[in-house]
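First up is the structure itself, then whatever we jot down about it.
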Amino acid sequence: MKTSASLEQLAFHDAHSSPQLPIFTFPADGSTSFSEYLGNPPAPVPTPPTAPGATAEMPFSGMEPPPPPAAEPPQPAAEAHPSPSPPTGTEVPQEPAAGPVQDDSPPGASMASSFTFAGSQPSGPGSQGSAASSRHSDWEYVVGGQQEAAAGPDAAGAQQERAEVAAAPAPAHLTSETLRQLSDRLSQMTSEGEEAEGEPTAAGPPATDQRLAQRNSELAAALEAERRARAEAERTLEDLRARLSELEQEQESGRRAADLRLEQERARLAEQARAQAQTIGILVAEKTELKTAAEQLQARLEEKQAECDASSSQLAAAQVQIQQLREESSRAGQIEVSVQHLQSLYAQADNERNRNRELCSELQEELDEARQRLRTQLDANQALTRQLADTNSRLELAEIRLTQLGGGGGVGESGSGSGAEERAAAAEREAAQLRAERDAASVQFREYTAALSARLQQAEAARDTLTAELAARDDQAAAAAAAPPPEQPRQEAAVQQAPPPTVTEAERRELEELRQAAAGAAEETDTLRRELRALSEENTRLTLSSQQQAAELQEMKFTVERVNSSAVDNGQLAREMESDRVAASRAMAQNKQLKQQLQELQDGFITLSNKKLELTESLAAERQASAERARQVVELQEQLDKMTARAAEADRQNMTAHQVIDQLRHWEAVGRHAQALQADLTAAEEKLSRLGSAAPSAAGSEATPGAPERPPSAAGGGAVDPAEHEKLRSALAQLEKRFCEVMNQVAALREERQGLEHLCEQLQGETDTIALAI
C-alpha cells in the first residue's frame, strides 16, 4: 500500500497499557525546534480519558517539527489500499472520504507533523488469549487520516532500523542539520516499508520482538527525557528556594526598617508632645504675666483717671474763671452777622461730620465683612487640614494595601497581576483626585487672598481719604478760627470776646471719634495683613505636604511595579504578610491614638493662643484707651491754651476799645465844656475890658462939677454895677475851679486805665499758670 511521502503523524500505541501516556505534538509553524524541546521539555499535559481503542491526542504548542524530506504531492484518497486489520485493543480511525487532504498551513510551509503516544485499552473478552500472555506494541503510520500497520518479512530490516533510530538517545542539543538527516532517514524507512508492503510476512514473532525492543528503547528515551526534565525542575526549584530566601531576608530587613521607623516616629511624637507641654507651660506663665501686667495697667489707668478727673476739675474751675472774665468783658452788641457766619460754618462742619460718620460706618461694615470672610477662610483651612489628615490616613491605608499586594503578589499567576494593576490604577486615580483637590484648594486660596488684598487696598484708600478729609477739615476750622470776617473794630472785639457755642466741643468729639475709627481701621488692616501672611504660610505648608504626598505616591507606584515584576507564590510569605498587616493595623491604631492626643494638645495650644490673643487685644485696647485719654488731655490743654489766649486777647482788645471810646467821649465832652468855658471866659474878659475902659471916664466926670449929669440910661451900656462885677468874678473863679476838677478827673481816669491794664496782665499770668498746671 502506497502512502504519501510527507509524514504527518507517527503514533505509538501500547496495546496492553491501561493508563494513557502523555502526548507531545510539534507545531508546523516552526516556533519551537526539536532540539529546544529536548533541551527544555515542557511539563506533560494529562490527557482526558478516552473510549476504549480510541487514540487520544492533544497538541502541545511551542514545538518545532522536523523539516519534511521532500516536497511530494500527497496521494489522492482513491489510490489508498485497504490496510490490514489492527491488533486487538487498537481502534483505527476511519479514513475520510475521497478528496485531497486539506492543508491549513501557510504557503511555503510543510504539512504538520507530530509524534503521538497513545495507550489502548483492552478491547474485550475476545482479545484475552495470546494478547494476555504476551504484551506487544504496534507501530502505526497515520498518513492523511489513514492508518496502516507495518508487517512482512521484507520490512523487518526497516523496522529494525527504525527501532534503532527510536532507541538511540537524543542528544541534549540537536542542530537543524541533525533533524534534517533524521527526517530523511525516516522518509527512507517509510518508503522501504511501502515497497515491502505487498510481500507476505513470514517472520511474525521476530517482528513482534523487534517492536517490543523498539518500544523499550522509546520508553528508555522517554524516561531519560523525564529524568532530564526532573533535573531541570529540581534546579528551578533550587533557584526558587534561593529566591524565596532572598525575599524572606528582604522582608525581614523591611520589617526591621519599619519597626525602626515606627520607633523613631514614636520618639518624635513623644518629643513633640513634651515640647508642646513645655510650650503650654510657657504660655500659662505668659498668661499669668499678662494678667499681672493688665492689673498693673488697670491700676495705672485708675491713677490716670483720677489725675484726669483732677485736671477736669481744674479745667472746669479755669473755665468758670474764664467765663467770669468773659462775662465781665462782654459789653459788645451787634454780633448777629458774625454769629450767622459761624452758624453756617458749624452747619457745614455738621454735614461733614455726618458724612464722615457714614464713611466710618461703611468702613466698619467692610471690616466686618472682611472678618467674616477671614473666619470663613479659616474654617476652610481647617477643613483642608482635616482633609489632609484624612489623605494621610488614606495614604497609610494605600501603603498597607501595597504591602498586602507585595505579600500576595505571588499567590495567583495571572489574576494577581491583573488585581495589582487594578489596585495601582485605583491608587493613581486617587492620587489624581488628591492632586485635583489640592489644585482646587490652591486656586480658591489664591482667589481669596487676591480678594482680601483688594479689600485691604480699598480700606487703606478709604482710610487715607478719611484722614485727608479730617486734616482738611482741621485746617479749615483753624483757618476759620484764625481769620474771622472783616468787620468794624467794635464788632471784631465783640466776636472775639463772645463765648463759642457748645456745638464746637461736640463736633470736636465727633472728629476725635472719626480719628479713632480711622486708627481702628488701620489696626484692623494690619491685623488682616498678618492673617493674610499666616494664610499664605499655611497654603505653602499645605502645598509642600501635597508635594510630599505626591512623592510618596510615586514611590508607592514604583513599589507596585516592583511587586508586580517580582511576585512570588508562597504561603509562608502570605502568613508573614498577614502578621505584618496585623502589626501595621496595630501601629495604625497607636498612630491614630497619638494623632488624637496630638490633636488634643493642638486644640489646647490653640485655646491658649486664643486666650493669649484676647488678653493681648484687651491690653492693646487698654493701652489705646489710655493713649487716647492722654491725647484728649493734651488736646484739652491745647484748647484751654488757645481759649485762654483768645480770651486774653479779646479782653485786651475790648478794654482798649472801651478805653479809646471812653477817652474819645470824655475828650469830646471836655472839649465841648472847654469851648463853653472858653466862650464864657472870652465874654467875661470882654466885659472886664469894657469895665476897665469905662472906669476912667467915670472918674473924669466926677472931677468936673459944672458938667451936667448924664441920664442913667445913657451910661447904662458902659457902666458896670459892682454887684454884677462881683458876680463875674465869682463865675470866673467857679470856671477855674471846674477846669481844675476836670483835669483832676482826667488824671484819675489815666491812673484807673493803668490799673486796669496791670490787672489784665495779672489775669493773663494767672491763666498761663493754670494752663501749665493742667
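Note that Cβ sites are derived from N, Cα and C of the backbone, with glycine treated the same way.
Residues 504-538 are the range that TrEMBL records as coiled coil, among 329-363, 504-538, 539-573. Looking at 295-324, 475-504, 625-654, the range annotated in TrEMBL as region 'Disordered' turns out to be 475-504. Ranges compared are 227-257, 692-722, and TrEMBL records region 'Disordered' for 692-722. Assigned with DSSP, the residues of the compositional bias 'Polar residues' (175-191) fall into helix, strand and coil as follows: 16 helix, 0 strand, 1 coil.
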